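*Asks:* Sequence annotations record features per position, and here TrEMBL assigns transmembrane segment to 45-70, 82-104, 116-137, 143-168, 297-317, 337-356, 368-388, 394-412, 432-451, 457-480.
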Amino acid sequence: MPPLSRHTMSCFRLTLLYSTLVFLSREAFRRACLSGGTDHNWRQVINLLWLTLPLGVLWASLLVCVWLWLLEVPDPLTIPHYGPAVGLFALAALQELLAEPLWVLAQAHMFVRLKVVAESLAMVAKCVLTVVLVVSAPQWGLYIFSAAQLVYTGFLVLCYFVYFLHFLGSGEANRKYFPLQRVADLLPSSVEGEPVIDWTLARLTWSFFKQSFLKQILTEGERYVMTFLNVLSFGEQGVYDIVNNLGSMVARFIFLPIEESFYVFFAKVLERGRDVRQQKQEEVAIAAEVLECLLKLVLVIGLIITVFGYAYSHLALDIYGGSLLSSGAGPSLLRCYSSYVLLLAINGITECFVFAAMSKEEVDRYNLVMLALSISFLLLSYMLTWWAGGIGFILANCLNMGLRILHSLFYIHRYFLSSQWTPLLGLRPSPLLLLALALSAVLTALSEGVFCCDGGWLLRLVHIAVGAGCLLGVLVTVLLTETKLVQFVRTQLLPRYGKKHT
């Protein structure tokens, strides 16, 4: 096996360790503590959120043992420093958990710009350090990526702490009636005569905690199957991981921030577990209208990615990695992943609403649904991968995501059934937009066959120009036919990300 494949898979496993540890340690707390918006006793919420750190230590101890003693360890002569790198990635995850109370505070009070700035600065610092160390000390190997991950999480924590050190007690905080006044309020504390934590939120956290296992399997299931069952060769796993990272960029940088932000919005507007007729109708109307526009937004973006992803996957991989990526199964994988992004986008918004509206009892019942989905997904991943290779993972993900979307659509339909609102109309694009997308799909596919990708850069540029013209036509069609969506983006979405508070 080439050293590059082993090195790629080592990084793949390290990032899987990091994402698993962080997700299992904090996801349930985020879901529970963001319910109800700012209407909490924040001293109790802060105390509850600090439990993520000891929980993270427990998970780190368990997962490090699994990664070092249950999984295959690379040959130290080929890939040195793997053992220390596992420990450093676990340490980076624990370091990120230090900012969890501040992250929840920022999200609950809609400090949107803080999150964007903090993550951007952290990513820039990580990339700069990686480039510098790869150029100056390539022999350090996995130490480079471990150090970069530590710098990333360190910058995140630093940005949040610096911001709140400046913000707490300021005139701006007083004008906005911010519930905490001193830096000491960010640390665990108790007041005589009141519980240390909010036990209602603690019980809801436990419900989401049971769900977090299953959601992690559904989110990263193919990675666990690849890591533990070795259904693909190391080289195939490396190509799949590169394609997965490229294909999921839109989900990470566009869909995920929208999902996180509007989960907080729905949790503030709706009263968890109450029938639509028992809630303030003006707030239900706002939630329904926002949900409809969000569904339309992610549907349009997902359809554009699906259509143009088919004709430009080969070119994208050729530019990114040369013939090493574009000559094998890479283009087919990326084409399939482009279609999967559409399902990923719709599921993110529908589950965002569902989890904000569900009662604790409904969350517990949904855990059983997720258990069945998790088992079926793992079985499907294993069987389809033996049949279709890496594409089998994407097919299993599509089937799994489709079932989750159906469940969420049924829930949303029942939720609004006794009201006058029908937010699911957001999943119905205009006929003219569908026509423009279909025409673009045909033209770009023909362009790829004629101009791409072995005729040199001149023909490639012609292919890119054809795609740019088709994309411009689709965007003009959106502006002319989806006026309600355009108005929502202009008046609601863009201001939300252009200001610190809304």
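Glycine residues also receive a Cβ, built from the backbone N, Cα and C atoms like all the rest.
Curation does not apply to TrEMBL; its annotations are automatic.
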*Asks:* Which one of these stretches, 45-70, 368-388, 394-412, 457-480, has the most C-beta pairs shorter than 8 Å to the transmembrane segment (432-451)?
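*Replies:* By the under-8 Å Cβ criterion, the transmembrane segment (432-451) pairs most with 457-480.
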*Asks:* To the transmembrane segment (457-480), which of 116-137, 143-168, 297-317, 337-356 is linked by the most Cβ pairs under 8 Å?
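*Replies:* Checked against 116-137, 143-168, 297-317, 337-356; highest Cβ contact count belongs to 297-317.
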*Asks:* Take a look at 45-70, 82-104, 143-168, 297-317 and tell me which one has the most Cβ pairs under 8 Å to the transmembrane segment (116-137).
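*Replies:* Stretch with maximum Cβ contacts: 143-168.
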*Asks:* Other than its close neighbours in sequence, what residues sit by the transmembrane segment (297-317), given a CB gap under 8 Å and a spacing of at least six beyond its ends?
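*Replies:* Answer is 243, 246-247, 250, 254-255, 258, 325-326, 330-332, 334-335, 337-339, 341-346, 348-349, 426-427, 429, 433, 437, 440-441, 444-445, 447-448, 452-453, 460, 463-464, 467, 470-471, 474, 478, 482, 485, 488-489, 493.
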*Asks:* Compare 82-104, 368-388, 394-412 by their Cβ pairs under 8 Å to the transmembrane segment (45-70) and return the stretch that comes out on top.
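*Replies:* Per the Cβ count, the answer is 82-104.
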*Asks:* For the transmembrane segment (394-412), which partner among 82-104, 143-168, 337-356, 368-388 gives the most CB pairs under 8 Å?
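*Replies:* If we count Cβ pairs closer than 8 Å to the transmembrane segment (394-412), 337-356 scores highest.
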*Asks:* So if I exclude everything within five residues of the ends of the transmembrane segment (143-168), which remaining residues of that chain have a CB under 8 angstroms from its CBs? That is, six or more out.
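*Replies:* Tertiary neighbours of the transmembrane segment (143-168) are 11, 14, 18, 81, 84-85, 88-89, 91-93, 95-96, 98-99, 102-103, 105-106, 111, 114, 117-119, 121-123, 125-127, 129-130, 133-134, 137, 178, 180-183, 185-186.
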